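Participant: According to TrEMBL, the record shows the following:
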TRANSMEM  12-32  transmembrane segment
TRANSMEM  77-97  transmembrane segment
TRANSMEM  117-149  transmembrane segment
TRANSMEM  156-178  transmembrane segment
TRANSMEM  241-267  transmembrane segment
TRANSMEM  279-304  transmembrane segment
TRANSMEM  316-337  transmembrane segment
Amino acid sequence: MAYKGEGGNTFSFFIKHFVHLVLGFAIMYGVHKIPYRYFKGLSLVMIPIVLVLLGLTMLQGTTIAGANASRWIQIPFVGMSFQTSTLAAVVLMVYVARYMSKVSDKEVSFKESILPLWVPVFLVLILILPANFSTAAIIFLMVVMLVFLGGYPIRYLAVIIGSGLLVLTLFILIAKAFPDAMPNRVDTWMGRIESFSNPEDTEADYQIEKAKIAIATGGIQGVGPGKSMQKNFLPQSSSDFIFAIIIEEYGLIGGGVIMTLYLWLLFRIVIVSQKSDTIFGKLLVLGVGLPIVFQALINMAVAVELFPVTGQTLPLISSGGTSIWMTCLAVGIILSVSAKREEIKEQEIREENPLEILSEAL
């Protein structure tokens, strides 16, 4: 599908997206060759690295295509930017899966789980929250879901959810009291929610109105590949609202195919999780896989005004290298779990894999 690119050159836009996909599939292939148990130790190593990257992003974050958010960090010497929150989401889900599998055979008190589990989770969320509320909210929901599936007591989860709401409330109050103290998008969040809940059309509804026009124009069969008109007027038409453009060009048939593919991915995620022989494998697949489908459903819901505007992209389809690469990283991890490999004895793992030793020690 062709989209309006820089300078009106749609072909260069297509080539850029194609290159991102090729690199993404290379990442997927490389990751799927790694035995999935290695990710236990890797998550321990990556958590502090991710925290540093998120901190740098808050301090040095830049903007992409006019987006007013400190979500990207500029990579020196190569002229590329990287959205650190997407990497943090994958790493954190692997880390949580590792912890829950480690304590699956014993009863852990709430106090014992605070430092090894919830402190890293909330540190990551707090660093993401100021610039990207929707991503922080999705990560929090996915973590809650994963620990619930891992057998974490519901009464403890209630405390965590309450703590999360308290942190969010405090952040909003602080951001309102000191608007110049830190980069935040509180006014943007509140404006989107008010716009969504207000039945009357306002200027803030511009994106949604253009998206609905695109969907209505597409009808059943669509206007044809590359023939969308609304892509020239709809901001972020190649990322946040790409689903509306897909329906305009390919109709409800094309939109139905896209939704079916994501539902098929959900089905495969559940199957791979069920077939895994280890608790870590089961939780790992659900932890990195379900957010992909959840994000896709949110993106599609926003396009048809079933959900407030969030800024969430459509995985593997929206433009943006970081999103594509991290989605491919997650799929590679899922494929690693699904691969039929000969099981290595526990003693051999501990002797030969220093990451496993690190995981068991901490």
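Using the three backbone atoms N, Cα and C, a Cβ is placed for every residue, glycine included.
TrEMBL entries are annotated by machine, without manual review.
Note that the structure is a prediction, hence the values are computed from the model and not measured.
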Participant: State, in range form, which of 12-32, 156-178, 316-337 has the highest count of Cβ pairs under 8 Å to the transmembrane segment (279-304).
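Facilitator: Stretch with the highest Cβ contact count: 316-337.
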Participant: How about the transmembrane segment (77-97) and the transmembrane segment (241-267): at least 3 CB pairs under 8 Å, pairs 6 or more apart in sequence, or not?
Facilitator: no
Participant: Could you name the stretch, out of 12-32, 117-149, 156-178, 316-337, with the greatest number of CB pairs under 8 A to the transmembrane segment (241-267)?
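Facilitator: Answer is 316-337, with the largest number of Cβ pairs below 8 Å.
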Participant: Within the same chain, where does the transmembrane segment (117-149) have neighbours whose Cβ lies under 8 angstroms from its own Cβ atoms, ignoring anything closer than 6 residues to its ends? I mean 6 or more beyond.
Facilitator: 47, 50-51, 54-55, 57-58, 61, 69-71, 85-86, 88-89, 92-93, 95-97, 99-100, 157, 160-161, 163-164, 167-168, 171, 175, 182-185, 189, 283, 286-287, 290-291, 294-295, 298, 310-312
